[in-house]
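J.: From Swiss-Prot, here are the annotated features:
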{"type": "BINDING", "residues": "T163, G184, D206, N248", "note": "S-adenosyl-L-methionine binding site"}
Amino acid sequence: MDKEWLEVCIYTSSEALEAISGILYNTGVKGVSIEDPKDIEFKKKHPGDWDYFDETLLKVKDTAIVKGYYKEDDKFNEYLDYIKKSVSNLDQFGIDKGEGLVEVHKVNEEDWENNWKKYYKPTKVSNKIVIKPIWENYDKKQEEIIVELDPGMAFGTGTHETTRMCINALEKYIKEDRTVFDIGCGSGILSIAAAKLGAKHVIGVDLDPVAVKSSKENIKYNNLDNIEILEGNLMEVVEGRANIVVANIIADVIIFLTEGVKAFIEKGGYFIASGIINSRKEDVIKKLEETGFVIEEVREEGEWVCIISKIN
């Protein structure tokens, strides 16, 4: 008989997904899944990339959903109170929490461990890069570069606007014999894409040991030997400079990192910063320019922004 678990559903906005995921990771959550309507709309517009699409998902096109999975124990009510209060307080940090509704349901272990996989199919995210889950088959076209990925439930599937913009920027700016640093590497998707696009050496860093483990596993799936994954922050665990530093995080962290990051970029190198909500674009640009970066280009997709700046 399948074990029963408690599923906490938070109905929110795309803007608040990362913040709410962070709230859940501060509790005893055993798994997190994300349903982002922006990803769903993207997949509907690119039907050739999918061999399965559940039209019922479009019924929640204005609502993003974060689900956390818990064992039923003495601490659950404490976790639930913390989640509700933290979600309620997001407005104080300038984050649109959307509906902000929190619900609890009982589910079987099988339901949450594997069902999410059926919605995750190979997706072309740039001119060359196709993100392919490791359990799917895909007929590669001649010019395509395949990134094999098992994101697990803790990380995005690589189709979010912020990730797509980063990959497209890497595709444009990476040249042979270049070094790339990936800050907050998560599943390793940007590090892997950078290596497959021709970077000579890639270093990915993340403070989360789960991310470090996930990145290393995904690198093995792609048979790459020129990527190094380190646990910690860039300033403490990495030596040397890169031609490109990429960070797909959030605006406040990018602003905080900007001065330190400058010392890790070669003259003439680029800082690709994404994960920035449109309302924070000018704040990030201002900080970059104050620090000596020259804005090369600003890309926008939906409510998200990717800023590419340069050290001259």
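Just so you know, glycine gets a Cβ as well, placed from its N, Cα and C.
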J.: What residues, ordered by sequence, lie under 8 A Cβ-to-Cβ from D206 (S-adenosyl-L-methionine binding site) and sit at least six positions away in the same chain?
T.: G184, C185, G186, V212, S215, I229, E231
J.: Write out, in the order they occur in the sequence, the residues of the chain not among T163, G184, D206, N248 that have a C-beta within 8 Å of the mean position of the C-beta atoms of the recorded S-adenosyl-L-methionine site.
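T.: For the S-adenosyl-L-methionine site, the extra neighbours are D182, I183, C185, G186, I189, L190, V246, A247, I249, G275.
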J.: So if I draw a 10 Å sphere around the Cβ of T163 (S-adenosyl-L-methionine binding site), how many other Cβ atoms end up inside it?
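T.: For T163 (S-adenosyl-L-methionine binding site), the 10 Å Cβ neighbour count is 25.
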J.: Give me the non-local Cβ neighbours of N248 (S-adenosyl-L-methionine binding site): same chain, 6+ apart in sequence, Cβ-Cβ under 8 Å, ordered along the sequence.
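T.: Once residues fewer than 6 apart are set aside, N248 (S-adenosyl-L-methionine binding site) is near T162, T163, C166, G184, G186, L190, S274, G275.
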J.: Could you tell me the maximum Cα-Cα distance in Å between the residues recorded as binding S-adenosyl-L-methionine, namely T163, G184, D206, N248, rounded to a whole number?
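T.: If we measure all Cα pairs in T163, G184, D206, N248, the largest is 16 Å.
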J.: Look up N248 (S-adenosyl-L-methionine binding site) in the DSSP assignment and reduce it to helix, strand or coil.
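T.: Note: N248 (S-adenosyl-L-methionine binding site) is in a strand by DSSP.
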J.: Look up G184 (S-adenosyl-L-methionine binding site) in the DSSP assignment and reduce it to helix, strand or coil.
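T.: The three-state answer is coil.
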